[in-house]
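Per TrEMBL, the features are:
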- 90: active site, proton acceptor (ACT_SITE)
- 96-326: domain 'Radical SAM core' (DOMAIN)
- 110, 114, 117: [4Fe-4S] cluster binding site (BINDING)
- 157, 158, 189, 212, 213, 214, 288: S-adenosyl-L-methionine binding site (BINDING)
- 331: active site, S-methylcysteine intermediate (ACT_SITE)
Ligand code: SAH
């Protein structure tokens, strides 16, 4: 038996062609799976009984299992979801006034080893398939009845280390036959992989890009984010500039504030010089701590002081409110540590 959710629209079109069903059946099946989130072929009521029976003979419909739900006092909800191979991943629902954002994972664990990130401690287990990425959203909609307005690829994993599946997931999330979330409401966040940035710029679905900058010198960035050894700052910033030229879109730089490490006046000055001529937003993220972390969170006064140093020169500065940090649902706190992960 095959999980029918592994088939994208093109593969469903091939299937209906082989089965000699009408072409539009592919779209109907896709809508049942990705828009209506049905659990069985019997629920696909606009298909004939014969088609439903033939589908059920060959396929089943997968679903992520809810392993744990934790709600923070700001209303942020962290979902621990179990994959078919029993690996666990985490996804987060963040509710604000006009926005309901779901943060999805793209990998089980992560290979990049950023020093300030809890996911890194898990090591890399495996890439998620595109349908496992989209199913995180479905599981949350199903459980809460809340439909998201925004999707961010900021959960466990590095999206550009799993770029093909991430792009396929974006197609389903954006599709009129899928989750119908506008491209501008989808953001992919990367630790800084220039090839991925180039490929994203060429993607016909114009999603937003965020780059986790986090340091202003190669020596510090390479210590905090070992990927910087392979792709140093000049290489990364060149890719960012190319992205802006190719797409005509601004991008966001994320900057995790680690007290005493990257939040000094000299850091702010270097950041200004580095980004002054790049049309971008800067999102400051006060460090979210987790058990065993080696860094500390700057006092809120220091966070606003850092923002104020930037502000006159880089006006698009925002401070990301720490959401869900008390249930370890904040940025960089996702790691399914409470169960062993299964390697494939
Ligand atoms: N791998 C991708 C997406 C996951 S991390 C990336 O690096 O962008 C999402 C964001 O959380 C990144 O900006 C990252 O720098 C930030 N982050 C990681 N650990 C953090 C922590 N402990 N506290 C606050 N932000 C963190």
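Quick reminder: no glycine exception, Cβ is built from N, Cα and C everywhere.
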(request) List the residues of the same chain that sit at least 6 positions away from residue 158 (S-adenosyl-L-methionine binding site) in sequence and have their Cβ under 8 Å from its Cβ, in sequence order, or write 'none'. (result) 106, 107, 110, 111, 112, 190, 191, 193, 227
(request) For the recorded [4Fe-4S] cluster site, enumerate neighbouring residues of the same chain (Cβ within 8 Å of the Cβ centroid of 110, 114, 117, site residues themselves excluded), in sequence order. (result) 112, 113, 116, 118, 119, 120, 158, 191, 225, 332
(message) Taking only same-chain residues 6+ apart in sequence, whose CB is under 8 Å from that of residue 117 ([4Fe-4S] cluster binding site), what do you get?
(response) 110, 332
(request) Quick one: of the recorded positions 90, 117, 212, 213, flag those whose CB is under 6 Å from ligand 1, and say none if nothing qualifies. (result) 117, 212
(message) For residue 158 (S-adenosyl-L-methionine binding site), which of the three DSSP-derived states applies: helix, strand, or coil?
(response) coil
(message) By the count of other Cβ atoms within 10 Å, pick out the sparsest of the recorded positions 110, 157, 189, 331.
(response) 189
(request) Let me know the largest Cα to Cα distance in Å among the S-adenosyl-L-methionine-binding residues 157, 158, 189, 212, 213, 214, 288, as an integer. (result) 18
(request) For residue 214 (S-adenosyl-L-methionine binding site), list the number of other Cβ atoms lying within 10 Å of its Cβ atom. (result) 25
(request) Count the other Cβ atoms sitting within 10 Å of the Cβ of residue 213 (S-adenosyl-L-methionine binding site), across every protein chain shown. (result) 26
(message) Within its own chain, what residues at least 6 apart in sequence put their Cβ under 8 Å from the Cβ of residue 114 ([4Fe-4S] cluster binding site), listed in sequence order?
(response) 120, 191, 212, 214, 224, 225, 226, 227, 332
(request) Under 8 Å Cβ to Cβ from residue 288 (S-adenosyl-L-methionine binding site), same chain, six or more residues apart: give me those in sequence order, or none if nothing qualifies. (result) 297, 322, 325, 330, 331, 332, 333
(message) At a 10 Å cut-off from the C-beta of residue 212 (S-adenosyl-L-methionine binding site), count the other C-beta atoms across all protein chains.
(response) 26
(request) Name the one residue among 157, 189, 213 whose Cα is closest in three-dimensional space to that of the residue listed as 'active site, proton acceptor'; these are the binding-site residues. (result) 157
